[in-house]
Amino acid sequence: MVKQRTLNRVVKASGIGLHSGQKVMINFIPHTVDGGIVFRRIDLDPPVDIPANALLIQEAFMCSNLVTGDIKVGTIEHVMSAIAGLGIDNLIVEVSASEVPIMDGSAGPFIYLLMQGGLCEQDAPKKFIKILKPVEALIDDKKAIFSPHNGFQLNFTIDFDHPAFAKEYQSATIDFSTETFVYEVSEARTFGFMKDLDYLKANNLALGASLDNAIGVDDTGVVNEEGLRFADEFVRHKILDAVGDLYLLGHQIIAKFDGYKSGHALNNQLLRNVQSDPSNYEIVTFNDEKDCPIPYVSVT
């Protein structure tokens, strides 16, 4: 049987909030069977739990934010992506502020931290969401589409007319597994244009942004001295974001995802469109690991 997963032990770390610029503590706590992914604001008294649920995404400008009432946990997509990449079903993510720390702008540091906690199988079947028919979300010329597929394949295309974005590196395809995610996706960093930074900071956004946690792009190219980690790092990061955004459906998805210029808001709309019609999907489990179309890292 393919079983649910959590961590063996608590892992604690800290980092800088991308938008607040403040130090943020983050703790990963093992969670119970069918508990799902839950974000907990421990800076509040009493602490407030917000489940990682697509229907609780109320803001999606530049990042995915979970909101319940007037309580928010922002910039969750990179840690959600790491959680999805390792096949973790149940986890409490404690944060000491209204956003998850940005770390180096990728999911790599979160993969490292979660692996320090050790993966632990739980005595319950892992649930998957199998897409049964095409579902799409469209905004202007942007597209996000699910279609039936025996696995989880992500195809993404960006479209930037800019010297830093070579045409041959604006599309990528990943057949999702723990191995492909960790080695081909997780280290891809977020990126932004230097010309936008002053505007963002004037609006109390990106106060923690630096070349240590993002790829900076000016009018001619990449500003970071070390350059890119991959020739197609920009589109790989969009796939990283999509993996995290789509895991907000509550379980690993079995489908093909096609994204064209899609972002957090459109990814979220796609999930809402899936949920709007129960005939779009079914919940499946696998009694035999050989039947599972998505390869995960072994739990030892």
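Cβ coordinates come from backbone N, Cα and C, glycine included.
HIS78 is the only one of HIS31, HIS78, HIS149 that Swiss-Prot places in the Zn(2+) site (with HIS237, ASP241). Sparsest Cβ environment among the recorded positions HIS78, HIS237, HIS264 (other Cβ atoms counted within 10 Å): HIS264.
Using the Cβ center of HIS78, HIS237, ASP241 for Zn(2+), the list of other same-chain residues with Cβ within 8 Å runs, in sequence order, GLU77, SER81, GLY105, SER106, ALA107, ALA188, ARG189, THR190, LYS238, ILE239, LEU240, GLY244. Take the CB of ASP241 (Zn(2+) binding site) and look out to 10 A: across all protein chains shown you find 26 other CB atoms. On the backbone, the CA of HIS78 (Zn(2+) binding site) and the CA of HIS264 (active site, proton donor) stand 12 Å apart. If you take the Cα of ASP241 (Zn(2+) binding site) and the Cα of HIS264 (active site, proton donor), they are about 8 angstrom apart, rounded to a whole number.
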